[in-house]
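First comes the structure, then the notes that go with it.
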Protein chains: 2
Amino acid sequence: MHENEQQIEKLAVIGTGVIGNGWITRFLAKGYDVVAFDPAEGAEERTHQSIKRAWESMEKIGLADGASPDRLTFVPTVEEAVQDAYLIQENVPEREDLKKSVLESIDQFAKPDAIIGSSTSGIKPSTLQKNLKHPERLLVAHPFNPVHILPLVELVGGESTEQTIINQAVKFYESIHMKPLVVQKEIEGHVADRLMEALWREALHIVNDGIATTEEVDAAIVYGAGLRWAQMGPFLTFHLAGGEQGMRHMLEQFGPALKLPWTKLEAPELTDELKEKVVEGCETHAGDKSVAELEDKRDEFLVKLLDLVEEYWPESKGIATSEK
Amino acid sequence: MHENEQQIEKLAVIGTGVIGNGWITRFLAKGYDVVAFDPAEGAEERTHQSIKRAWESMEKIGLADGASPDRLTFVPTVEEAVQDAYLIQENVPEREDLKKSVLESIDQFAKPDAIIGSSTSGIKPSTLQKNLKHPERLLVAHPFNPVHILPLVELVGGESTEQTIINQAVKFYESIHMKPLVVQKEIEGHVADRLMEALWREALHIVNDGIATTEEVDAAIVYGAGLRWAQMGPFLTFHLAGGEQGMRHMLEQFGPALKLPWTKLEAPELTDELKEKVVEGCETHAGDKSVAELEDKRDEFLVKLLDLVEEYWPESKGIATSEK
């Protein structure tokens, strides 16, 4: 699928929480050797458990020749992890100072032409690359949970990122069956998280104001817009709601409603009372199922849903291709 | 499914645009006689076309015994439409004065114990019921496009609405295979549209600021959160992102980020330039497909997706039942 395939000897993953483990699983399933580093106690064992649980989904999606969980190695230092890696995926906790210091270590020991992808959900790449020796090869490569299944990855270059690195990253992430979305301007939160954040704040207000419970808010998404959003985003959805004239009619008819003071403008205070409402709501909704059981069920569902989306929405493949 | 089934002789639909036609199709597929009224020229013909296109989906979902498109009658007055109707679904354009005047006519001619459901997406039921003779039987029953397939219906009572009417409405909408969400307090936009509106405004800002195109914003939803939202809303999604501690851990870790000034607080001005960006973006995304072709494809997809959701998310059935 891309000309560099032969050159990719190994991939490095730094930080093996939920996101790091998702990357490891995806890389392994695509037939790569992966080297991982995480200083937390028990990290290696948790990663193996996580791969084991996800592997059935990966088999359904389709494994590359020679793909195996055995091709993962944990090493005790960043240096050993990143040396000789074609691409290094950074997934340490979302704190600017920590990310910067880990990225500086990676930068110090990585090959000069290695790609460094940060999984940061909110920090701008220009901020992250400031003190690097080779800032031109750092970009944001922000995935979505569960990373081993969801195709979206936002690619964002900073002031110093070279276009060739972004092009190379697009090819690489496409080769592991992702849909890279190259974000044109860097902003905090990139694109997808800003959209989710807007909805999330409104959801908290609704619960805080006693309009609906967390489970009811979730149902209001799942049984309405959520079913549509698995196939069409907000724009195409409204294009279809406008009749034969599509979006043009829609904007003329509903444009003025934009100014209605519906949505709350500020996030509600996260009081203990609101926290309890939210936590208890989720625990009730989850019933007697652990988070792990819910995850397994989600993954099974998503694997089947992905097939459906592919079957019914081939047009969407147009968003980002290496030809672009 | 509910004890009133025998008493339901017919259902009335007032206003046959996209939403009214969706209701008619759903009612007919569930084996009811439907009487419709719409003063617009060509309305009856458009409704028949719309039913014809949707019927294949209804067959896949499952028709009730005796269900037939032939059991629809158009009549020339509101009076003839609503007399003897068990339930009257109002779907005239979203203008307060128009809705109020049409609801007053319905109120004048309907049986005293008929249920009047308004499809309004934004107006509070207390506002709509103010001048009615029998305000106690008016409630908001807000569906989602495509109405013949999507299960969500928001039920909202106003100050004068009787609880027995709400209970009866829950039973009725459940009997036509919907998921009624009884909203606890009336607010403009109810629940689902407030959530969608929050996301929609942010989406317009992103396009307006040149961060991404409409097609890219749509892709950022479809290939990320959208796939998840077909099965889990924002709360349960975050419950799973928090690891074994679920939402409790999540709120402790990410709570502070709530206050970050990520989302834009006001809707952007709908300038001609922004309008063009949005309209052209949608037309490009739609390719050579007409809105009608996109609708057919969407419906086919949604019918299959609904089966998947039912299979994998039975817990969600808990949100609203007639036992509650």
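Just so you know, glycine gets a Cβ as well, placed from its N, Cα and C.
Caution: TrEMBL annotation is automatic and unverified by curators.
If you look up TrEMBL, you'll see B:10-186 marked as domain '3-hydroxyacyl-CoA dehydrogenase NAD binding'.
Sequence-distant neighbours of B:GLY17 (NAD(+) binding site) (same chain, 6+ residues apart, CB-CB distance under 8 A): B:ASP38, B:ASN91, B:PRO93. Annotation source TrEMBL lists NAD(+) binding site at B:GLY15, B:THR16, B:GLY17, B:VAL18, B:ILE19, B:GLY20.
Break the domain '3-hydroxyacyl-CoA dehydrogenase C-terminal' (B:189-271) down by DSSP state and the numbers are 58 helix, 0 strand, 25 coil. Annotated domain '3-hydroxyacyl-CoA dehydrogenase C-terminal' per TrEMBL: B:189-271, in sequence order.
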Q. When you measure from the Cβ of B:THR16 (NAD(+) binding site), which residues in the chain that are at least 6 apart have a Cβ under 8 Å away?
A. B:ILE24, B:ALA36, B:PHE37, B:ASP38, B:ALA40, B:ALA43, B:GLU44, B:ARG46, B:THR47, B:ASN91
(Q) Checking interface proximity: list the binding-site residues among B:VAL18, B:ILE19, B:GLY20 whose CB sits under 8 Å from a chain A CB, in sequence order. (A) B:VAL18
Q.
Around the C-beta of B:GLY20 (NAD(+) binding site), how many further C-beta atoms are within 10 angstroms, looking at every protein chain?
A. 24
Q | B:GLY15, B:THR16, B:GLY17, B:VAL18, B:ILE19, B:GLY20 excluded, remaining Cβ within 8 Å of their centroid (NAD(+)) | A | B:VAL13, B:ASN21, B:GLY22, B:TRP23, B:ASP38, B:ASN91, B:SER119
Q) Can you tell me the mean pLDDT for the domain '3-hydroxyacyl-CoA dehydrogenase C-terminal' (B:189-271)? A) 81
Q | Cβ-based isolation winner (fewest other Cβ atoms within 10 Å) among the binding-site residues B:GLY15, B:VAL18, B:ILE19 | A | B:VAL18
Q.
I want to verify one value. Collapsing DSSP to three states, which class is B:GLY20 (NAD(+) binding site)?
A. helix
